[in-house]
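Annotated features in Swiss-Prot:
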- GLU66, GLU96, HIS99, GLU180: Fe cation 1 binding site (BINDING)
- GLU96, GLU148, GLU180, HIS183: Fe cation 2 binding site (BINDING)
Amino acid sequence: MDATLSTRRHSHLDSLLIETQRVFEVVFGHPVAQRPSPANAFPNLLLSPKDRRHAAGLMRINHVGEICAQGLYFGQVLVARKQELRRHLLKAAQEETDHLSWCSDRLYELESRPSLFNPFWYSGSYILGVFAGLLGDPWSLGFVVETERQVEAHLEKHLQVLPESDARSREILRVMKVEEARHADQADHAGARLLPSPITGAMAWAARLMKVVAYRI
């Protein structure tokens, strides 16, 4: 009995240490992508100072979006009721980790840095993910659908306003947009419930605030 209890304690401690390391890598470090960056298909052309600052602001927003996606997904995983949903969320989270790494790489190429508020963005999204998960799996999937649809929309806008010569950032966002749409479709087909308009409105308002802040800070 004592040995079993000790094993369980070690198991919980190991899980806590692994989770702490993962959060640190996401928020403060540089997660390693499992796939090469789509940007590698294009040369890293020199941009004008104005275009470079604008591209960096947009890519910082997208980097924050991926920080938020990590928080949302892992908050949901923590309280997911079904193993199938956990697998779905973890698979999507891995693709989001690739996105995060690609955006981080591009930010440094643009001689910029991630948002200083990343711990805040991650914490808020993690809490939202736990809240969504506690509502039940269909509602949790509904948050995935709405989040990914909003991300897809702002990626489309960024594709239109990126500097014309920034092919590397554009290709990253193009691939991300395709994969975000797929995440939304998969969650929808898995039984997502449509979120009430007050919730989707609040999410859109929070996203607008994030974009204003992250573009500069």
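Including glycine, each Cβ sits where the backbone N, Cα and C put it.
The shown structure was predicted, so the numbers you read here are calculated from the model rather than taken from an experiment.
Compute the center of the Cβ atoms of GLU96, GLU148, GLU180, HIS183, which mark the site for Fe cation 2; besides them, the chain residues with Cβ within 8 Å of that center are ALA69, ALA92, GLU95, VAL144, THR147, VAL151, GLU152, GLU179, ALA181, ARG182, ALA184. Apart from GLU66, GLU96, HIS99, GLU180, the residues listed for Fe cation 1, the same chain places the Cβ atoms of GLY65, ALA69, GLU95, THR97, ASP98, LEU100, VAL151, MET176, GLU179 within 8 Å of the centroid of those Cβ atoms. Less than 8 angstroms from the CB of GLU180 (Fe cation 1 binding site) sit GLU148, VAL151, GLU152, LEU155, each of them six or more residues away in the same chain. Comparing the Cα of HIS183 (Fe cation 2 binding site) with the Cα of every entry in GLU66, GLU96, HIS99, these being the binding-site residues, the smallest distance points to GLU96. Around the Cβ of HIS99 (Fe cation 1 binding site), a 10 Å sphere holds 26 further Cβ atoms from the protein chains shown. Cβ contacts within 10 Å of GLU148 (Fe cation 2 binding site), excluding its own Cβ and spanning all protein chains shown: 24. Close to GLU66 (Fe cation 1 binding site) in the fold, though at least 6 residues off in sequence, lie GLU96, THR97, HIS99, LEU100, CYS103, each with a CB less than 8 Å from its CB. If you draw a 10 Å sphere around the CB of GLU96 (Fe cation 1 binding site), it holds 26 other CB atoms from the protein chains shown. In the three-state DSSP scheme, HIS183 (Fe cation 2 binding site) is classed as helix.
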